[in-house]
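What TrEMBL records for this protein:
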BINDING   H74, G115, H116, S117, G147, S148, N175, Y287, E367  thiamine diphosphate binding site
BINDING   D146, N175  Mg(2+) binding site
DOMAIN    316-480  domain 'Transketolase-like pyrimidine-binding'
Amino acid sequence: MKRNLAEYNFPEDLKNMSGEELELLSYAIRDFLVDKISLTGGHLASNLGVVELTIALHRFYDCPKDKIIWDVGHQSYVHKILTGRANRFDTLRQTGGMSGFPKSGESEYDAYDTGHSSTSLSAAAGMAAARDIKNEDYNVVAVIGDGSLTGGMAYEALNNIGASKSKVIVILNDNGMSISRNIGGISKHLGKLRTSNKYLDAKKNIKENISRIPAVGEGLAKGLSGAKDWLKYALLSGGVMFEELGFTYLGPIDGNDIPSVLGILEQAQNVRGPVFIHVMTKKGKGYRNAELNPNKYHGIGPFDPETGAEKFPAGVTSSKVMGETLVKLADDDDRIVAITAAMGTATGLAEFAEKYPKRYFDVGIAEAHAVTFAAGLAKSDMKPLVAIYSSFLQRAYDQIVEDVCLQNLPVVFAIDRAGLVGADGETHHGLLDISYLSSIPNLTILSPSDGNDLKAMLSYAFSLNSPVAIRYPRGNCDYDENREETFNGRNVRLSSGKDVDIWAVGSMLKRAEKAKELLELRGIHAGVVSVRTIKPIDMSVISSNCRNIVTIEDGTALGGFGEKLSALVPASIKVTNFGWPDKFIEHGSCDDLYKLYKLDGESIAERISDRFEGKA
Ligand SMILES: Cc1ncc(C[n+]2csc(CCOP(=O)(O)OP(=O)(O)O)c2C)c(N)n1
Ligand SMILES: CC(=O)[C@@H](O)[C@H](O)COP(=O)(O)O
Ligand SMILES: [Mg+2]
């Protein structure tokens with residue numbers, strides 16, 4: 001074994017390693033993961049669970065000719081180590097550093113860019129179809145987790161692949177966990193399959209023992225397998241659900257055992273048509289803290305590897321304020337219910353789930369279903385709140401339009417991670433929600449500047465009998481639990497200035513205040529308006545002598561709040577919009593990215609004064 005992983009020529013070196021060397025490599029990779037991720041933060045538990053699986057995949061297949069697609073892609077760190085990027089892990093998820101997700105621009109071994117769940121099977125189907133059209137010969141493999149298999153898109157793909165008879169190799173990485181414990185009927189079914197070997201062995205033994213009873217045994221054994229039993233037997237005997245869809249189901253096998261995985265990949269190679277391989281792994285395997293608490297170590301900040309304690313634990317986050325406020329509101333109104341799409345803890349709903357288990361719904365990674373499920377609840381006089389990250393809510397656009405807003409139903413959308421998120425990058429920044437929501441009739445869109453605003457807005461939202469979206473950013477927020485903020489749907493003018501008004505949408509307020517302060521030093525007098533209502537636009541705070549408005553928003557400028565305000569103000573007022581540009585923003589630290597894209601307080605002041613000095 002070499003001293004460090006960066007010294008290997010991966011994946012080529014895997015082909016010549018003995019079984020024992022592969023085993024030793026799995027230990028080295030686990031140590032490496034804990035060591036590096038304890039410094040940078042990242043998705044630890046999922047990657048610890050796929051060490052042997054990934055070693056076996058890159059030993060068996062011939063990448064990059066063979067294509068491996070990682071669903072969500074948060075578990076692709078081992079794949080990155082085994083494709084020559086061990087030396088980049090000190091820069092994981094940092095500005096200018098290696099992404100935490102597969103990026104074909106980063107490596108030819110990253111066959112397809114992922115980040116949002118349940119897309120791998122559809123992408124694999126498309127790649128296999130292209131291969132078949134061109135009469136090319138290579139394997140297309142999709143690795144999907146049991147959580148991601150609760151996403152509806154996966155079934156659309158299974159349905160299509162099964163019918164197409166195209167050779168797609170689906171590998172279900174089943175660790176019984178989504179971010180928290182996996183939920184739903186599919187998860188239960190997988191649970192049965194996981195135990196099916198034991199189930200089948202027991203059943204087979206019982207039948208053999210009975211059939212050995214002299215004279216009557218044979219008849220008894222046959223009688224034992226009544227229709228109901230056979231159905232259960234068949235259902236469990238080999239994933240008949242997947243077989244019925246047109247797949248050859250193989251497994252389940254121990255996905256943390258390299259020889260077992262290599263064996264089943266060999267078996268799959270001899271199968272014509274689509275193959276569904278079911279492997280069972282342990283999320284967090286090999287690092288005790290993560291094995292015991294895979295939820296906490298699913299995505300974790302820098303931590304002390306000895307104790308497992310996070311170095312920078314979260315403070316009072318917007319998610320926490322939302323969750324606590326919702327519990328208080330639910331104490332007084334039993335029509336209030338909460339819905340999550342497999343992100344209950346992360347969106348602050350843990351306390352609600354604990355206190356009101358019958359009014360809490362985790363629907364799995366199924367955002368579109370979550371929204372229409374909420375519509376059904378609202379149609380039946382309940383008051384649902386759906387808590388979904390801004391970028392994941394993109395999955396449910398049609399449901400927001402057709403099921404909630406068209407019927408004008410009282411659903412509250414708690415849009416978490418709205419705005420820049422930082423380390424997760426392009427797939428996770430919540431920069432499109434203002435743009436994609438503000439053209440929908442009947443929808444009120446609110447943006448709190450701090451935790452007190454958020455608390456007041458939640459009460460306000462539940463008082464309306466129509467759809468409301470409240471968008472708030474990832475991370476800590478200013479919150480004074482002793483201060484009761486009121487909110488009446490209006491924007492608030494915080495100060496006046498004869499030269500320019502800065503209209504700050506939601507959490508951009510602090511940057512506006514900073515810019516105002518710096519502009520004063522340059523003799524430019526700016527007023528500040530806190531934009532808490534994105535839609536309907538509240539114009540009551542426009543000052544009569546205002547000639548210049550600058551809007552700043554943590555969202556794309558295209559179709560953003562600023563653009564909409566520009567269309568409403570008198571021609572005598574010049575409106576300039578500062579938002580994110582028309583591109584996908586890379587990963588990095590939020591501070592770096594706000595500075596890089598000139599959306600921090602200092603840059604905003606600079607850009608405004610340049611305009612006044614005629615430089616821009
Ligand atoms: C559309 C979408 N919704 C939610 C998420 C957040 N998310 C990332 S990983 C994950 C759980 C995935 O569970 P599983 O597929 O079983 O992978 P594991 O971490 O167990 O390996 C979730 C909900 C996402 N990335 N995309
Ligand atoms: C991989 C994935 O999509 C989630 O784990 C996401 O990274 C969580 O984001 P937060 O860290 O903002 O909760
Ligand atoms: Mg899982």
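Glycine residues also receive a Cβ, built from the backbone N, Cα and C atoms like all the rest.
Residue environment of N175 (thiamine diphosphate binding site) contains 24 other Cβ atoms, counted within 10 Å of its Cβ in all protein chains.
Under 6 Å, Cβ to nearest atom of ligand 3: this is the test, and of the binding-site residues H74, H116, N175, E367 it is passed by N175. Close to H74 (thiamine diphosphate binding site) in the fold, though at least 6 residues off in sequence, lie H43, S46, N47, G100, F101, G299, each with a CB less than 8 Å from its CB. Neighbours of H116 (thiamine diphosphate binding site), defined as other CB atoms within 10 A of its CB across all chains, total 20. Cβ neighbour count for G147 (thiamine diphosphate binding site) (all protein chains, 10 Å cutoff from its Cβ): 31. Proximity of the binding-site residues H74, H116, D146, G147, N175, E367 to ligand 2, judged by a Cβ distance under 6 angstroms to any of its atoms, singles out H74 in sequence order. Taking the Cβ of E367 (thiamine diphosphate binding site) as reference, residues of its chain lying under 8 Å away and at least six apart in sequence are, in sequence order, A341, I388, F392, L393, R395, A396. In sequence order, L172, N173, D174, N175, G176, M177, S178, N182, I186, S187, L190 are the residues of the chain that are 6 or more apart from D146 (Mg(2+) binding site) and have a CB within less than 8 Å of its CB. Note on the domain 'Transketolase-like pyrimidine-binding' (316-480): its mean pLDDT in the predicted model is 98.
Largest Cα-to-Cα span within the thiamine diphosphate-binding set H74, G115, H116, S117, G147, S148, N175, Y287, E367: 32 Å.
In the three-state DSSP reading, H116 (thiamine diphosphate binding site) counts as coil.
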